[in-house]
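The structure appears right after this line, and notes come after that.
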């Protein structure tokens, strides 16, 4: 029985020593037919090199020396024993663990923003911020579209715009009231209040440009500037 102590030289090559003891039995017989035997324990010393061919299979070269086998009084001698050996060993349970499968993270979904535009003349009477019945019907259709988009993690922004008739301050206030009227109605239909907000844009960002600059009559100017009077709805995070 021996204990093995090893030291790695490279990843595949080790040197080692074994120290321990060996239980032996020695038998002797002389020319006259006299027989005798002896048993005992002797120290064992060994050293060698071991090379791993694969993680499971290794070959080794070893020299083992055993001190004082036998008893001169019984078997007629007390020799030492030296043994040079070459061997192959198989080590169980050395299979390499499979490398963990690295799963690439799923790409983040692309955040999109949808834009919708409603004519204020459909939603409101001129210079008013209270929804008309036909305006409510238009928003019912809009709510159905928003529900189909299902912006669970997104938000809805309602932007109110006016034309340039009137003062800047008045138009700013009117655009805010109109945007808020749309927000309140959509909340009543089921959009969470923390997912929707109103913003008044006043007479900014007109879509008519200078096409109405030469229109002087008030009624004709109101008709010409109708595209500027609008409500835009932005749905973010779809």
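Every residue number used here counts from 1 along the chain in the order it is shown.
A Cβ is built for glycine as well, from the same backbone N, Cα and C atoms used for every other residue.
Remember, it's a predicted structure, so these values are computed and weren't measured experimentally.
Matching 98-103, 104-109, 110-115 against Swiss-Prot, the residues noted as region '3 X 2 AA tandem repeats of A-P' span 104-109. Residue counts of the region '3 X 2 AA tandem repeats of A-P' (104-109) by helix, strand and coil are 0 helix, 0 strand, 6 coil (DSSP-based). Residue 224 (disulfide bond) is 100 Å away from residue 60 (site 'Part of salt bridge gating mechanism') when you measure Cα to Cα. Neighbour density around each Cβ, counted as other Cβ atoms within 10 Å, peaks among the disulfide-bonded residues 212, 224 at 212.
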